[in-house]
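Features as listed in Swiss-Prot:
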BINDING   E126, W185  beta-L-fucose 1 binding site
BINDING   E126, W185  alpha-L-fucose 1 binding site
BINDING   R163, W242  beta-L-fucose 2 binding site
BINDING   R222, E234, W289  alpha-L-fucose 2 binding site
BINDING   E282  beta-L-fucose 3 binding site
Amino acid sequence: MPFEARDDNVDPDAIGNHYHDDGLLWQTHYAAVEVFDYPHATMHMKIFCQSYWGELHDLTFSYKRGSTKEPEEENAWETKFRQSLARPGTDEAAMMHTPLAAVVRYDTGNPTTHLFYISTGFKIREVIWKNGSQTNDCLGITVCPTSSLAVTKWGAGSQTHFRLYYQSKAGTIEEHCLDCNAGTWTKGATLSGPVSAYDDDSPLRGTSLSFINLAQDKPELRGYFQTAKGSIQEFTYKGTKWSTSKIGVDAAPFRTPLAAITVEKNKIAALYYVDAYNRINEVLWEGDWEGSERIDGESVAPGTRLAVASLKYIGHDKIHMFSSGLVNVITQRVWTRENGAWGDRPTIVDFEAPVQVEVEPGLDPAIHLTKPTRDGRRV
C-alpha cells in the first residue's frame, strides 16, 4: 500500500527568505514548453507557475546567442521576460494550487503558446499568446476541484490537433479535442470509469495526469495516471480506441506528481514521479518498460509538482525538468543526450515577484513600496 511522502518536518511558514507574501506559492504547479521562433532565429523556454496570492506568472528564458542550432552551456540561460496573469479578484482568477498545462503550435508560421489552468469556479481557462497579443477565455468545462490538467498535440501541414485531459466531478478521466483551424473545442473520449472504492484500478481522485504523443503527424497517444491503489498506469491510443496497461510502478505516494516526455526522435518515452523520500524517479520505455531509478540524490520539496520540456537539435537532445526546492525555489535539472545523464546538481531558477510602486506626486517611492492583497489590490 502506498503512503504519503514524508515531509521531513518542513514547515512552509518557516522556510526563510524565499517564502514570503510576494514570492512563489508553496507547492505551486508548473508547466514548461520550449519555443522555436524560426522567423526571428531565436529559441527560448517558458515556465509557468503561481505566486503566494494566486497570480500566475510566465517566465521566459532565452539562450544568450538566440540560436536555434547551437546549444549553450546550462547556466547560459538568462531571464528575458516575466509577466503576471490571472490576477486575484478578476474573472480570470485562478484557483489556488491550480494545475497548469501548456503546449506550442507552429501552423501559422509563428509560435503560438497555449496555457490551461482552472479558475476559482473550477472551470478550465485558456490563455493564448499569438503574434504578440494575449487572450484569456473560459472553455466552459467544469472539473473536479482536485483535477489535474494535461495537453498534447500532433499536426500535419497547416493543421494542428490538441487533446486536453482532466478529471471530472465523478472522477473519470475525460478528453476534449480541438482542431485548431476549426477553433471550437468538442468533447472527446472518456478514458476511465469513475472513482470507486471497489476497483483498485480506478483513478485516484486528484491523480496527476501527463500525456505525450509518440508521433508528430498522427495520434499515438500515451497518458499516465495513478490508481486508487497507488500504482501508476498508462493509457494508450493508436487511432482506434484507448486501452489501459501497467508500467511496473505498483506503489507510489498518493497524488505523486507525474511528468512524461519523449526523446530520441520519439523512440523513447520517459516518465518521472516523486517517491516517498522526496526523490525524483525515472521510468523509461523503449519498446518495453524498464525498472524505476532515481535520477539523482537530491531531495525536492515535499508536495512539489514537476514539469518537463525538451530542446531538440540535430544530433542533440536535452530535457529540462522543473520542481520546487526545499527552500521554496524553482529548481532546474538538465539531461543531455551527449552525457546520457542528468547534471551533477539542480540549479536555481530566479523568481522575483514584481514590485509595483504607487505613490502620490511628490512622495519618495523608496518608502512607499506596495504589496498585493488577497483580492488583487495593492496597498
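Placed from the backbone N, Cα and C atoms, the Cβ positions cover glycine too.
Since this is a predicted model, take the numbers as computed values, not measurements.
Taking Cβ-Cβ distances under 8 Å and a sequence gap of 6 or more within the same chain, the neighbours of E234 (alpha-L-fucose 2 binding site) are R222, G223, Y224, T244, S245, K246, I247.
Summarising the alpha-L-fucose 2 site geometry, the residues cited as binding it (R222, E234, W289) extend over a maximum Cα to Cα distance of 13 Å. Cβ atoms within 8 Å of the centroid of the Cβ atoms of R222, E234, W289 (the alpha-L-fucose 2 site) belong to the same-chain residues Y224, T236, S245, I247, A269, L271, W285, site residues excluded. Long-range C-beta contacts of W289 (alpha-L-fucose 2 binding site), restricted to its own chain and to partners at least six residues apart, with a cutoff below 8 Å, comprise I247, G248, V283. Nearest by CA distance to R163 (beta-L-fucose 2 binding site), out of the binding-site residues E126, W185, E282, is W185. Looking at the residue listed as 'beta-L-fucose 3 binding site' and W185 (beta-L-fucose 1 binding site), their Cα atoms lie 33 Å from each other.
Taking a C-beta cut-off of under 8 angstroms and a sequence separation of 6 or more, E126 (beta-L-fucose 1 binding site) has the following same-chain neighbours: H114, L115, F116, N136, D137, L139. Neighbour count (other Cβ atoms within 10 Å of the Cβ, all protein chains): 17 for W242 (beta-L-fucose 2 binding site).
Neighbours of R222 (alpha-L-fucose 2 binding site), defined as other CB atoms within 10 A of its CB across all chains, total 22.
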